[in-house]
Each structure stands twice: as structure tokens, then as C-alpha cells.
Amino acid sequence: MGFGSCSRHALFTPAAFSGSFTTMTTSCFKRVYTAQIHGGDALGKRLPSVSSFSGQLPRHGLHRQSLAFFSTSHRRQTSPPPSPRTTSQSPTVPSKASTTPPTSLNTSKPIATESQDKTDWSIIVKLAGNIWPKNNPNVKFRVIGALTLLVAGKVLNVQVPFFFKTIVDSLNVPITESTTVWVLAGASIAGYGAARILTTLFGELRNAVFASVAQNAIRKVARETFEHLLNMDMKFHLERQTGGLTRAIDRGTKGISFILSSIVFHVIPTALEISMVCGILSWKFGWDFAAVTAITMLLYTWFTIKTTAWRTTFRKQANAADNKGATVAVDSLINYEAVKSFNNEKYEVAQYDTTLKAYEKASVKIATSLAALNSGQNFIFSSALTMMMLLGAQGIVKGTMTVGDLVLVNQLVFQLSLPLNFLGTVYRELRQSLIDMDVMFNLQSLNSAIKDTPTAKPLHLKGGEIEFRNVAFAYHPERPIFRDLSFKIPAGQKVAIVGPSGCGKSTVFRLLFRFYDSNSGQILIDGQDIKTVTLDSLRRSIGVVPQDTPLFHADILHNIRYGNLEATDEQVYEAARKAHVEGTIQRLPEKYATKVGERGLMISGGEKQRLAVARVLLKDPPVLFFDEATSALDVYTETELMRNINSILTGQGKTSVFIAHRLRTISDADLIIVLQDGYVAEQGTHEQLLAMPGGVYHRLWQAQLTESTQPTDEEIERQREELEVVDEKKKQ
């Protein structure tokens with residue numbers, strides 16, 4: 001689900017409706033099902049929208065158990081059909097650089113516990129701060145206005161049965177030829193109509209007044225959560241599925257909407273109406289009527305809560321199967337090419353169907369248990385109405401009550417049936433919303449392992465000298481990457497870091513950029529420990545072209561401008577020319593307005609890398625880091641691009657670090673650092689390292705030399721001219 005939909009979640013309020021309804025189809029292949037509303041909880045039933053009711057209701061939020069799937073990189077495990085496969089797991093990071101562990105999402109405990117009640121209360125207190133902000137009188141005014149309209153609407157709603165009673169008593173007289181309706185009951189009929197109209201009007205005004213309060217609270221909490229997630233360290237994001245995080249935010253914000261709407265539009269009005277009805281019955285007809293009403297409400301509430309708690313077990317099973325099905329479907333579709341490459345369509349369908357079967361089984365239990373809930377609720381309420389009718393009939397026989405009084409009692413009690421019908425749904429959804437909000441607020445409470453110290457100061461660059469001093473680091477405690485790494489990158493020079501795969505070349509950048517912190521040792525820039533400077537100033541001073549180029553699902557212009565959001569179009573075009581991607585862009589039908597697709601999958605790997613180079617050139621930081629920045633380019637484009645980058649670096653005196661497997665791209669570096677087994681094995685210029693027979697660099701160079709030979713400038717120019725001639729002939 002798109003994250004932006006959170007703010008459009010509808011508010012709910014009780015309204016009269018009956019008949020069947022069908023749930024809206026939601027994201028991640030949620031099933032469509034139907035249920036009958038008779039007076040109790042319904043499968044997936046929620047209160048209708050305040051603005052309109054079209055017969056379709058959104059599904060409820062999912063239980064805490066269903067959120068557990070996103071706590072780690074998750075893949076389903078079911079009995080596979082003929083083609084078994086292995087699954088990969090996301091790497092974890094050592095405890096030294098760990099993030100505060102997430103709150104447990106275990107759901108084996110009962111729904112309502114003492115600790116959970118305390119948590120629920122703390123959530124409500126947090127939410128109250130968003131709907132009653134200290135420095136926003138406009139929001140407070142709207143809350144007061146909504147509550148005033150609520151009370152006025154309920155008072156008028158209770159008057160409707162009184163007008164009905166008056167009409168009945170007025171017509172319960174001998175009728176003559178001169179008798180007219182307006183003479184007997186005209187005023188009462190007019191009052192009856194006015195009361196009903198004003199009740200509805202006040203209800204709609206209440207919804208309109210309170211809507212901005214609820215949506216403002218949703219927006220504020222969602223923005224704060226999203227901002228907090230962006231400030232978390234890399235370990236946190238590597239350990240969680242992005243889809244799971246967005247679903248947690250979405251459910252949490254929907255939970256805010258439901259809690260606000262249920263409290264303002266259901267809980268408070270129902271409690272107020274029950275109190276008023278009991279008071280009226282006791283005042284006008286005696287304590288026995290009020291006692292029957294109070295006992296009925298208590299028994300009805302107790303039965304509904306107990307039965308709903310029992311049914312929640314089945315709902316948890318359905319939610320778990322639903323989440324698993326969503327994970328299977330999304331995982332399969334994202335890896336569409338792999339599915340097709342290995343002809344595993346039937347396997348994926350079988351995996352998905354297994355979750356559908358589990359969902360079907362749980363849904364049948366939900367539907368059948370609904371009958372018990374509806375039957376019990378109907379029995380309790382019908383018994384109460386029968387007792388009321390008996391007491392009323394006795395009053396009429398004794399002469400203490402009129403027929404209109406009997407109608408009044410019936411109408412007063414019957415008006416309570418509608419909000420009580422939703423009691424099961426409100427209770428279940430209220431508990432679920434609190435759980436969903438707890439998950440979201442727990443995300444806000446997590447602390448990032450990488451953050452500014454209280455005394456952090458902005459980085460003061462003097463030239464861009466970088467020094468690693470006795471650095472030790474490991475992603476996994478049992479597999480250290482660096483043991484005692486020490487080297488120095490001179491300011492304003494081009495330095496290359498090379499070595500065998502897995503020696504930690506890319507880790508150098510991750511530590512320098514503070515995606516992770518070293519376990520021990522120091523990393524210095526111009527003599528300043530990077531742990532003592534602000535993250536913002538540090539990361540603004542470093543530009544990186546990563547090995548796996550991250551692109552947004554937007555146009556090319558935006559993806560380049562992302563390096564400097566304040567850059568003009570002309571500056572973007574100039575950066576594209578420097579990155580040798582301008583010609584490619586101009587050949588596209590929509591040029592700079594061309595969408596690159598999700599993760600840039602609609603363009604080639606080489607084009608993605610050149611866009612990344614253009615982006616970092618537009619950022620223009622004093623320190624540049626190229627992590628296999630040209631690995632997807634052909635030899636000719638790579639050579640020209642590197643020549644252009646070198647000219648830029650030479651003219652501006654920037655410190656640049658190149659990580660490369662193709663050694664010919666960094667043979668002109670001022671310094672080459674060779675890593676192996678967590679140490680600096682060798683360092684020097686290209687010529688110095690080649691003069692060390694048997695050295696690591698010498699062996700790597702010889703191995704690559706047998707595969708290809710670096711072309712000269714004349715060969716590059718000649719072959720490019722030949723390609724241009726071929727292209728011209730094709731155009732003709």
C-alpha cells in the first residue's frame with residue numbers, strides 16, 4: 001500500500017444500514033468476501049463513513065501477530081512442490097554497531113493483559129496530545145465544537161421518541177368529521193421531523209468539524225514516524241522489509257483514525273445515550289424499567305466482548321495467512337525474471353495457493369462463529385424488549401401508562417440497538433488499533449546506533465585528508481572485516497583502493513560515511529574524528545557513486561537533480577554532459593522527462609551509473625568516492641568518462657577515492673592501497689606496485705592482463721569513428 005493513502009483514511013460513525021456488504025479489494029491480493037449484518041459483529045465489519053455509505057466497508061487492521069513478518073528479511077516456508085529452492089537471509093551486524101532491539105511482536109499472550117492495558121492508556125495519552133495541542137487554539141476550538149454538536153445531536157435524538165409518544169397519544173381519541181391531523185398532532189409531527197433533521201444535521205456538522213482534527217493528527221504522527229525511520233542507521237533497514245515498515249505506518253495511522261472516530265462518534269455518544277435513556281426511564285416510569293435497561297446493557301456488553309475475544313483467534317489465523325500470502329505474491333512478482341528463468345511458475349502458484357487455503361479455512365471459522373455472536377446478541381436484546389413490553393402493558397392495564405408511553409419505552413430502548421450492534425466490531429477494532437499504534441509508536445522509540453553526540457560540531461574541511469587509524473570492524477562477530485587497518489589518503493589526490501573480493505573495499509566508504517561505526521580505532525578527516533562531527537556536515541562533504549546505483553521511480557531530470565535539489569535545469573544538463581550521458585538522454589523520446597522505472601529498471605546498467613556520476617558531480621562535494629562507478633560501462637565509454645572525471649578532479653583539487661576491480665581504470669592514481677585479510681597489504685603508485693613481483697597487486701594485474709589489454713587513445717578514437725560510420729549507414 002502506498003504510504004500517502006494514510007491521510008485519506010475515512011472517519012467512521014454509526015449509521016443505520018442493513019443487508020449484505022462486500023469488502024473493498026485491498027493491496028497485496030487481499031481476498032474479497034461477503035457477510036450479512038444482522039445486529040452483531042460481522043466479518044471485516046467497520047463503522048460506515050461519516051460522509052457516505054455505499055455498502056462497501058474497508059477491512060480491519062491486522063493483528064500484532066501479522067506484523068511479525070517484517071521484523072527480519074522474511075521468506076515463506078511451506079512444503080514445496082517438485083522444485084525446492086534455498087532462501088537467502090539478510091546479513092546481521094555485530095552488536096557493537098547494533099540498533100536498539102525492536103519491541104517483540106509476539107502474540108501468544110492474551111489480548112487483554114494488565115501490561116497491555118497500561119500500554120493502551122499510554123497510547124491514548126500520546127494521541128490526546130495530538131488532538132489537544134498546546135499551541136494550536138484552532139484545533140482545540142474544533143474539538144470543543146465537535147463535542148458540543150455531539151451532545152446537541154444526542155439530546156435531539158432522545159427527543160424523537162417523545163414526539164412519537166405525543167403523536168400516538170394525540171391520535172388515541174375519538175375521531176369526528178371535523179377532526180384534522182394538524183389539529184390533533186400537527187405540532188408534534190413537525191417537531192418529530194425537525195428533531196430527526198437536526199439530529200442528522202448536527203451529526204454531519206460534527207463529522208465535518210472533527211475531520212481536520214483527525215487528519216491533522218494522522219499527518220503529524222505519520223510524518224514524525226517517517227522522519228524517524230529515515231534517521232535510523234543502515235543496520236535497522238537491512239534487517240527489515242521496506243514493505244513491512246510502510247504497512248506498519250499505514251496500519252498505525254489507520255488505527256489513529258479509527259480510535260478517534262470510534263471514541264468521538266461511537267463510544268462517547270453511546271455512553272451518553274445509555275445514561276440519558278436510563279435516567280429518563282427511571283424518572284418517568286420507575287426504577288424497574290431503568291434496571292432492565294442497565295442489566296441488558298451490561299449483559300450485552302459482557303457477552304459481546306467475550307465472544308469477540310474468542311473469535312479473534314480465528315481472525316489472527318486469517319491475518320497470518322493473509323500476510324504470508326502477500327509476502328509470497330510480492331516476492332514472486334518482484335523476482336519475476338527469476339521465476340521465468342527457472343520455469344517455477346507452478347511452484348510459486350502452489351506456494352500462494354497454500355496461503356489461500358489457510359486463509360479460506362480461517363475465514364470459514366470467522367463466518368460460522370458470527371452466527372453465534374449475532375444469535376446471542378439478538379436473544380439478549382429481544383428478551384429485554386419483551387420484558388419492557390410486559391412492564392409497559394401492565395402499566396397500561398393499571399392506568400399508570402398510556403399507549404404513547406409504551407411506544408416511548410420501545411423507541412428509547414430500540415434506539416440503543418444500532419450502536420450496540422457495532423459493539424463487537426468497535427471493541428475488536430479498538431484493541432487492534434491500539435496494537436497497530438503501539439507498533440508504530442515503538443518504531444518512533446527505537447534509537448539509532450549512529451547519531452550525533454551532544455558535543456558534535458560541524459566538519460571543518462581544510463583539504464580533505466582522510467586517515468584510518470587502527471580500525472577494527474565486523475558485520476558479524478565471527479567474521480571480522482578489518483582487524484587493525486591503518487592508511488592515509490592525502491588531501492587533493494586521486495587514491496585507489498583495490499584487493500580481492502570480500503576484502504572490505506566498499507566497507508571503507510560505509511565507515512567513512514558513518515553508515516556503520518567502527519568497533520575500535522579512529523577515522524579522521526583533516527584531523528577530526530568523524531564521530532565528533534555532525535552527521536549532516538560529514539555527509540554533505542562526501543559524494544558517492546555506489547556500486548548498485550539507487551534511482552527513484554521518477555524522471556531523469558529529478559534523479560540527477562537529487563544531488564542538489566536547488567540546482568537549475570542548466571546545471572543539471574551540464575552535469576549530464578560531464579558524465580557523458582547527455583547524448584543518450586537526448587535520443588530518448590521524452591528526453592529528461594523520461595521515467596526510469598522502479599529502481600531504474602527501465603534503463604541499462606551503464607546508463608544508471610552515468611546518471612549516478614552526473615548526480616554526484618552536481619552535488620560537487622570536496623570528497624568524492626567512486627565504488628565500482630564504471631563497472632557496467634563498455635571500455636570506450638568508461639575510458640572517456642574516466643578521462644573527463646580526472647580532468648574535473650585535477651582542476652579542482654578534490655580528494656577522490658576509487659574502488660575498482662578493473663585495475664586499468666586506476667593505474668594513473670597518485671596512490672593505490674591494496675587490501676587483503678583486513679590489512680593494508682601494499683601501497684604505492686602503479687609502477688611501484690608492479691615492481692614488486694609476487695605482490696598482491698602484481699598478481700591481480702597479471703591476471704587481468706591475460707583477459708584484456710587496455711586500448712590506446714588512438715585505438716579508441718579509430719574504433720569510435722568506425723562505429724559512427726556504421727550508425728550513419730543504418731540511419732540511411
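Note: Cβ is positioned from N, Cα and C throughout, glycine not excepted.
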Both Arg219 and Thr400 on the same side of the membrane in Swiss-Prot, yes or no?
no
Residues that sit under 8 angstroms from Ser375 (glutathione binding site) by C-beta distance, when 6+ apart in the chain:
none
Intrachain residues whose Cβ lies under 8 Å of the topological domain 'Mitochondrial intermembrane' (400-405), provided they are six or more past its termini:
164-169, 172, 284-285, 392
Those binding-site residues listed as Thr313, Gln377, and which of them has the most Cβ atoms within 10 Å of its own Cβ:
Gln377
All-chain count of other Cβ atoms within 10 Å of Arg311 (glutathione binding site):
21
Cβ-Cβ neighbours of Arg315 (glutathione binding site) (radius 10 Å):
23
